[in-house]
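**Q** Got a structure for you, questions after.
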Number of protein chains: 2
Amino acid sequence: MPDHFQLLATDTAGGTAARRGRLRTRHGVIETPIFMPVGTQGTVKAVTPAQLREIGAQIILGNTYHLNLRPTSELIRDLGGLHTFMGWDGPILTDSGGFQVFSLAKLRDIREDGIAFQSHVDGAKLFLGPREVMAIQQNLGSDIAMVIDECPPWPCERDACARAVGRSLRWAKQCRDIAADSGFLAAGHHVFAIAQGSTFDDLRREAAESLAALDFPGYAVGGVSVGEPEPEMLKQVGATTPFLPADKPRYTMGLGTPPQMLKMIALGVDMFDCVMPTRVARNGLAFTPDGPINLRNEKYRADPRPICEGLDNYTARFSRAYLRHLATTNEMLGGTLLSMHNLHFFLDLMAQARAHIEAGDYAGWHRAWIARYEAGAAERTAK
Amino acid sequence: MPDHFQLLATDTAGGTAARRGRLRTRHGVIETPIFMPVGTQGTVKAVTPAQLREIGAQIILGNTYHLNLRPTSELIRDLGGLHTFMGWDGPILTDSGGFQVFSLAKLRDIREDGIAFQSHVDGAKLFLGPREVMAIQQNLGSDIAMVIDECPPWPCERDACARAVGRSLRWAKQCRDIAADSGFLAAGHHVFAIAQGSTFDDLRREAAESLAALDFPGYAVGGVSVGEPEPEMLKQVGATTPFLPADKPRYTMGLGTPPQMLKMIALGVDMFDCVMPTRVARNGLAFTPDGPINLRNEKYRADPRPICEGLDNYTARFSRAYLRHLATTNEMLGGTLLSMHNLHFFLDLMAQARAHIEAGDYAGWHRAWIARYEAGAAERTAK
């Protein structure tokens, strides 16, 4: 077993593939399963690093695509790396920027050595390939760097998907070689591979197995949550995780709702990130064990209660009525307090999941948790 | 000497009218001279109450006009008052809403019993007179409530100004009687009167003396910073303070720049409030002892230094380069960190002023401070 990842417990007896793990990085240890708040542009929106610590964040995510456009990875390197730049001394995972090239940039041209595209900010002509994304993530000082991959759309033709899987494999190997040659891996930085394959089980298996053979420090299931229905998404994750090495951490990128995360943990996933909890916070949405509630709703106008019971954080000192007032008057403090609440809700859910995997009752617990959450959400929708 | 205000030191020997005082309120003691961060809508924009404590805020301001429109003072009363509602357990001063009626509302009609106007939010027909503003501020639970007054514009005809002074005096007396009859004063809340008079020295004196005769717990110099040049503003303050009781705190509303505050302290003013430090923070402007700097400027792109030396706060952990990045990418965290810095700068300046009044060298110190600040600002403008 590699010394950077320890598998502390599995839920085999409980009938799920859930895992309780511990991942070591250059900036500290991460207890898995874990949710990673997203700091796209060098800040988790509306929240200070001190507030992230307060709510128990263990690792945050930075976006290579955005940071490379502004303020550039060279400037961040010259100022001491991303940790120093943004005042966060815990672990940081960065994506490769590839996904944003597909979702944000204009006029893409996918070539064998990488992707040419235009900046969504100012239209500047740019290029990202294995060499570029590894240099950028080295400049940033990422604790966990992601390889660049080709993310096929959903739905996708089998031939196009097979070509994307092949290209992603070649790029992954190049990224790994660059990280080995530059001393990035030896210095304790991790590089995670990404298994694509869209809806084709055999391509998913092929991608997972060939990447597993390259012995990466960790693996992501890519190409999910790109528009497909949830059952299809879970099917794709379930078609990938069995073929990833059991002794390496597993990560699904850009996911998900609380029930989705719990279902994916049951499929053997260890790591999640998503902008959703902070994005919806800025629109007045708050997560509760009975589903999300929209604090702009008139029914909370005079509600003296905190958002929900059992979450001990700064936001819990304020009433729903006050948070509604901030949301309806578009006060920035509303975005800050709801972001803290939502992130803490996600982080606390992962802490509960870890405890239940350790206790051996994850299967029943996660089904009951999801049932309550979905029942509350359905009741609210029906009203 | 009334027991709620102690005059600890004066700068008579130093040749200025500066005063070092201590004002007791229901929610704690305020050391004067003091700057009060403004929380217009029940929040100091972009900053949590915990962060306000961190930077040494002693008292904050709430706006009656805004809070009465949304979420209404009755709702705030039902939820335990403004302190509980917004999570701030220190002193709160509220204005009467009169000034906002003049500056924000539409279709005003000034009558002997108050002002009829339309809400700037939804056009609703509203009315504020002595009875209404005292009821609202009682609902809010203000530690320091302000009387309603008629604020003449600048410039203003003498006859119109004399009428405004007369009406303001009658309203002030009504506010005081209401606060006495309702037990508001006996419960330890303070009510401050406001002396108007525009540019007419004799009217200023008349306003100050007749309000002084009514024995209010404190006094504001009103009708300044309404468009007049700075020398005219200082002249008006200087024409008022000598006729206010020496043993009561004095407040100039809605002011000012750092040099203006220091000059007004020299004229015997004890309390200030202004939205400017937080408003300009959200546009990337930061205060320094060498004048304000605009962090959006390209010259700070790679600047690893904090905004300025000697201010020990959370923002000081971040480089100008990072703060510039946040400002140019319009990240909310930029508004938060710069608001904390600017407010701390103002609060710290008041702490320095207090120390120099105590040390007996206020006159020389404040002239040197202003000279450095203005020289830096001028040099930057000339570039």
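A Cβ is built for glycine as well, from the same backbone N, Cα and C atoms used for every other residue.
Remember, TrEMBL labels are computer predictions, not curated facts.
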**Q** According to TrEMBL, which of these ranges is region 'RNA binding': A:78-82, A:188-192, A:278-282?
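**A** That would be A:278-282, the stretch labelled region 'RNA binding' in TrEMBL.
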**Q** Among A:Gln118, A:Gln174, A:Gln196, which residue does TrEMBL annotate as binding substrate at the site that also has A:Asp95, A:Ser96, A:Gly97, A:Gly98, A:Phe99, A:Asp149, A:Gly223?
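**A** The one candidate that TrEMBL places in that substrate site: A:Gln196.
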**Q** Tell me, if you would, which residue among A:Asp95, A:Asp149, A:Asp273 (recorded positions) has the fewest other CB atoms within 10 Å in the structure shown?
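**A** Minimum Cβ neighbour count within 10 Å, taken over the recorded positions A:Asp95, A:Asp149, A:Asp273, occurs at A:Asp273.
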**Q** Just give the helix, strand and coil counts over the region 'RNA binding' (A:278-282), going by DSSP.
**A** 4 helix, 0 strand, 1 coil
**Q** Among the binding-site residues A:Gly97, A:Gly98, A:Gly223, point out the residue whose Cβ has the most other Cβ atoms within 10 Å, with all shown protein chains included in the count.
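**A** Output for this query is A:Gly223.
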**Q** Measure the Cβ-based neighbour count of A:Phe99 (substrate binding site), defined as the other Cβ atoms within 10 Å of its Cβ.
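**A** Here the count is 22.
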**Q** May I ask which residues of the same chain, at least 6 positions away in sequence, place their Cβ under 8 angstroms from the Cβ of A:Gln196 (substrate binding site)?
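**A** Long-range Cβ contacts: A:Asp149, A:Glu150, A:Cys151, A:Pro152, A:Cys161, A:Ala164, A:Val165, A:Ser168, A:Leu203, A:Arg204, A:Ala207, A:Gly222, A:Gly223.
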**Q** In whole Å, how far is A:Asp273 (active site, nucleophile) from A:Gly98 (substrate binding site) when you measure between their Cα atoms?
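**A** The separation of the Cα atoms works out to 16 Å.
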**Q** Please compute the mean pLDDT of the model over the domain 'tRNA-guanine(15) transglycosylase-like' (A:17-374).
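**A** Averaged over the domain 'tRNA-guanine(15) transglycosylase-like' (A:17-374), the predicted model reaches a pLDDT of 96.
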**Q** Between A:Asp273 (active site, nucleophile) and A:Asp95 (active site, proton acceptor), find the distance joining the two CA atoms and give it rounded to the nearest Å.
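**A** Cα of A:Asp273 (active site, nucleophile) to Cα of A:Asp95 (active site, proton acceptor) measures 11 Å after rounding.
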**Q** State the three-class DSSP label for A:Gln196 (substrate binding site), counting H, G and I as helix, E and B as strand, and everything else as coil.
**A** coil
